[in-house]
Each structure stands twice: as C-alpha cells, then as structure tokens.
Amino acid sequence: MTSKLEQKETPQANGAALPAVPGASPERSQRPQPPHFLGPDGSAVEVVVLESRANAKGLREEDALLENGSQSNESDDTSTERGPEPASPLKETSFSIGLQVLFPFLLAGFGTVAAGMVLDIVQHWDVFKYVTEVFILVPALLGLKGNLEMTLASRLSTAANIGQMDTPKELWKMITGNMALIQVQATVVGFLASIAAVVFGWIPDGHFSLAHAVLLCASSVATAFIASLVLGMIMIGVIIGSRKMGINPDNVATPIAASLGDLITLALLSGISWGLYKELESRAYVNPLVCAFFISLLPIWVIIAKRNSATREVLYSGWEPVIIAMAISSVGGLILDRTVSDPNFAGMAVFTPVINGVGGNLVAVQASRISTYLHMSGEPGDSPGTAPRRCPSPCSTFFSPDVNSRSARVLFLLVVPGHLVFLYTIHSMQGGHTTLTLIFIVFYMTAALLQVLILLYIADWMVHWMWGRHLDPDNFSIPYLTALGDLIGTGLLALSFHVLWLIGDRDSDVGD
C-alpha cells in the first residue's frame, strides 16, 4: 500500500499541498476521514489522497465530495446536523382542503350574520339617525378592513409557507413590518373614506355640517386604526398556530380575517361614533383631538414599514388596489342604498352582508392559495412556467387535475350547504322579518352560486395575470376580488328580489 501511495503522490508534488506537509491547513490535517471511504483492498485510500487536490483550489470541492459521500451512505452518517430545508408545498387532498376550510368558512359566515344583526340594532341609535353619513361609512370601512386584513393574512400565509417566518428574527421582522404597514393603510384610507362620506352626504341635499364632518373623520380613523391593530394581532396568532399544527394557513387565515373584520369593525364604528356624538355638544374639541392624534402617528408607522424590506414595496405601490376597491364597493353600496328603502326589497339589508361576505371569503382563500403556489416557484414574473394566461378556460379552472383546480371545486361545493345554514340562522333570529319560501331559496342559491363561480374564474385569471407582470398577487388581487364580490353579490341579489317581486312571490322577501 505504501508503494501505491507514493506513486500517486509523486505527480502532485509540484504544487499541491499534501496532508502530511506541515503547511497544510490545521482544520484539514485534523479532520477525521469518514469511515465509509475506507475499503478492504485499499482503493478508498486513492480517493482520499486524490481529494487532497482540493487544497490547491480551496476546501469547497472537498466539502462537496464529503457531502456526496454522506448522501450516498445515509445509514452510516446519522449524526450529521443538517440546516433547515426549504419549505415545500403541503400535500393536500380534496378532503383535507375541505376539512381545513369548513370550520373557518362557517365561522366567517356566522361573523357576517352577526354583523348584519348588529347593524339592524344600531341603525336606531341617535348617531345613525342624526348623522346619517355614518351609514355611508359602513360599507366603505367594512370593505377596507376586509381588504387590508385579508391581504395581510394572504401575505403572512405565503411567507409562512415559503419559510420566511421559521426563525424568531424573521418572524419578528415580518410582524413589525406588516403591522406598521396596515396601520398606515388603515389610517390613510379611513381618512379618505370619511371625506367620501361627507361628499356623498352633501351632494343629495346640499347640507354641510363641519361638526359632523369632524365626527365622521374621528370615528373613521379611530375605527380603522383600532380594528387594524386587533385583527392584525389575531391574524399573526392564527397563522403561527396553523403552521405549528400542520394546517395550511391559506385555508384558515383569510376566512377568519373576514369574519372577525366585519363584526369587530362594525361594533367599533358604532361604539366610537356613539361616544364621540355624546361629546359633541359638551366637549366639541374631543373630536378634532382624536382625529389629530391618530394622524400624527402616521410618520412613526411609515418609518417602521419603510425600514422593512418585506413591506417597503407595498408601502409605495399598495395604495392603488385598496382605493380602487373602495370605489368598486361604493357602487355596490349605491345599489344597496337604492333598494333597502323600497318595501319590495325588504330583507336585502340582512342578506347582502352574508352573500357578499361568503363570496369574498371563498375567493380570498383561492387567491391566497394560488399566490402561495406561484411564490414557491420564484419571484413575481421570474418563472416562465407560470406565464399569465390571457383567458383561461372554465375547464382548466375547475376541472384540471392540479391542486388549485381541486381547491376551486371544493370551495364551490361549500356554497350551498353554507348558505343553507346561514339562511336558517337568520330565519331563526327573525332577522329582517323575512319569510323563507322554496322559490326564494332557489333564487338566492342561484345568485350565490353564480357569484362564486364568476369570482373563482376571475381569481384564476387575475392572480396569474398580475404574477406575469411582476405584481405580487398577495398585495393586489384580494382587494379587487373582494370588491367585485360586493358588487356582483349585491347586483345579483337585487336582481333576484326584483324577479321575485315580478312573479308575485312577495311572501318570500317581505314578512309581517
């Protein structure tokens, strides 16, 4: 063996350092050779000596050889510590998707039912009677909170699934940046919503009250800020808990965000506006102070969000979808405003939040899942295999074998049983004084199914389209989709009520 070793070392003596040479690296000379490199005929010694050529080029080639050797002999190297592996998509079947989505979906639906019942109660309060512009704030803020919180949930779900929240440092960075970002968005858009409420309230009758305008501003900004803080913390807890329990956060985070968002936002708006209205006569300075306080915090949240690379881009480019979505939702609010006062459309105020909420929740889940799937292949626009489809066929959206098509089928099949539960709940609580008949249920279900069908198809196209244009779907798609859900749901429901009135089934939508 000695002569064999000398023959192999001789051609290398012109420059490559050998293990026995004193100038060799101490780490290399002391590194124990893995036992699986040794063979009974001595051939393994040739491999180890040939490996010494790595010293002439650095230790990387040697490390690669050792790594390959350990991979080919995993049974002999069980003590080696491996670094964290990149995140991989969760393996999901139709049953597992449905099981994970079912509970949050029902929770979200009951949240929308509760929000409708709360609105039915608070509409008789003095602040809603004498400051009627508060009603204009309701759809704007509910849509805003749904967009911000579901976008936050989708963004954090994607980060969790691709391994960007695995270490405490990454987790803290993601939390602080996103919480600061939604505070900025909520404060600014809440302020803009109050201005829109003042304008829309002034146009019909030409009456303007400065005190009421300041009240609307303070109520809107305070509601948006506090709701963002509470819901953001809940979302972070849900997503972290979902990952620890082995549940895909995409399936649970967005529905919970939607369910809690509507109820908490409406309760906060009612309570804050009522309290500020009580202070309006005796201490009128309270309203402008509240408004100024929350606006003065804006620079702090901007600085925090700007220092975080994960939220810096959204801070600059994330305004367009939120503001446009608010405008789209306002069109749906206009339809609602022109129908709820008509006795032939009695009950629409109760069912509209439910049909809109369910459609928005389901399409938000699908958009979040598709976005996560695309993020696992790279950055927006970087993967040629996920180029945007100009117009996907309905068959590819709902009947292809891929996981996103499977989830679309599951979400679509949840519409009928979910709405039956929610309709029964509303009927049991005598919400809107409605009487359910078979023909009303058929028309209502038709509108709900058509709404979700359209939204899931649009989501499949929109998410891929945005991805191919270097836009992050987590930040851009959900606001548009949920706003379209409000518009389509309200329009289809109003059409259903109108058809029911024309055919004479008035008992289905008008009660005692």
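In case you wondered, yes, glycine gets a Cβ from its N, Cα and C as well.
Curation does not apply to TrEMBL; its annotations are automatic.
The region 'Disordered' annotation in TrEMBL covers 1-43, 59-91. The transmembrane segment annotation in TrEMBL covers 101-121, 179-203, 209-240, 252-272, 284-304, 316-336, 408-426, 438-458, 478-503. What TrEMBL lists as domain 'SLC41A/MgtE integral membrane' is 138-272, 352-495.
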Candidate ranges 101-121, 209-240, 438-458, 478-503 - greatest C-beta contact count to the transmembrane segment (179-203) (under 8 angstroms): 209-240
Considering the transmembrane segment (284-304), which listed stretch of 101-121, 209-240, 316-336, 438-458, 478-503 counts the most C-beta pairs under 8 Å: 209-240
Listed stretch, out of 101-121, 209-240, 438-458, 478-503, that has the most CB pairs under 8 angstroms to the transmembrane segment (316-336): 478-503
